[in-house]
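*Asks:* I'd like to ask you about the structure that follows.
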Amino acid sequence: VNKYAVQVLPLPVTILLIQTLTTAVLLQAMAAMQMIRVPSIRAIRVQQLAPLSICYSVHAVLVLYSLAFLSIPMYNTLKRLTPVMVLATKAVMDKRWPDAQTTSSVLLIVSGCMVAGAGDLSFDGQGYSLALLCAFMQATYILLAEKASGSVHAACPSEDGVAPLSATELLYSICVISVPALVAVCVISGEGARAPRHIKQLQSSMGHTTFYAWLGITAVTEGLLTGSVILCTQMNSALTTSIVGVLKGAVSSVLGFFLLGGVKFHIVNVAGITMNMVGGIWYSAVQYMRRKTAA
């Protein structure tokens, strides 16, 4: 959805602003109907949640910019470095290095990235740099979300003073904090001035019904994704969330070979993507079995 969005509306910050604002409004509406609970604006601990909100915004914008330059399979290949970064960070923090199977699967992931890059006929240095930075920001974002599940929740209780913030409450807080910053970036970058003309042209070319259907799907996608990431991290861990992302990437990579521009086939490129995908699945299986055994 994001790949198509940035193809038809090349204004990444504007797209994210629409998605973030829509998420906040929908959550507020659901809270008004007593379907969920969201914290009041004054109850949101901006100082504590600011780092997480900044990482969320930067990561989401980088996703859109990366997809503008890269095919979906190559984007997913580079993003599979996220669990590697999470694992490396945790290894340093815990002063404990991973076992042989984990190390081997990680090496296969990294080797796959290198081989895929060597055989990428549509190589774009800017796209690669953005995707790698995106992987780093996602790792940071997930680790902060995991930390927020304990420290920030305890410091920012729900209105009854007992229950911790739920995933929807944390998502709402992030969106509320992020919207003003995204508005400022839109104005400073000039996207805000260009957006009305681009949107009008897009509406004319798509037709009213198709345009509003596309806009609705695009607007809610980021909120669903971010909320799912937060919920998964709260219920499991940052490492598990990054692993699930690897498995999701395997499916979207297969689809990406043929959709939205596809991939220029080259045996080295396909071999690298395959290595990377196998390494990701192997890594995920090792971590899953370890958690299952521990449970």
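We count from 1, first residue shown onward.
From the backbone N, Cα and C atoms, a Cβ is placed for every residue, glycine too.
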*Asks:* Transmembrane segment per TrEMBL: which of the ranges 106-126, 211-231 is that?
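*Replies:* TrEMBL lists transmembrane segment for residues 211-231.
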*Asks:* Of the stretches 54-75, 170-190, 267-285, which racks up the most C-beta pairs under 8 Å with the transmembrane segment (12-33)?
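*Replies:* Ranking 54-75, 170-190, 267-285 by Cβ pairs under 8 Å to the transmembrane segment (12-33) puts 170-190 first.
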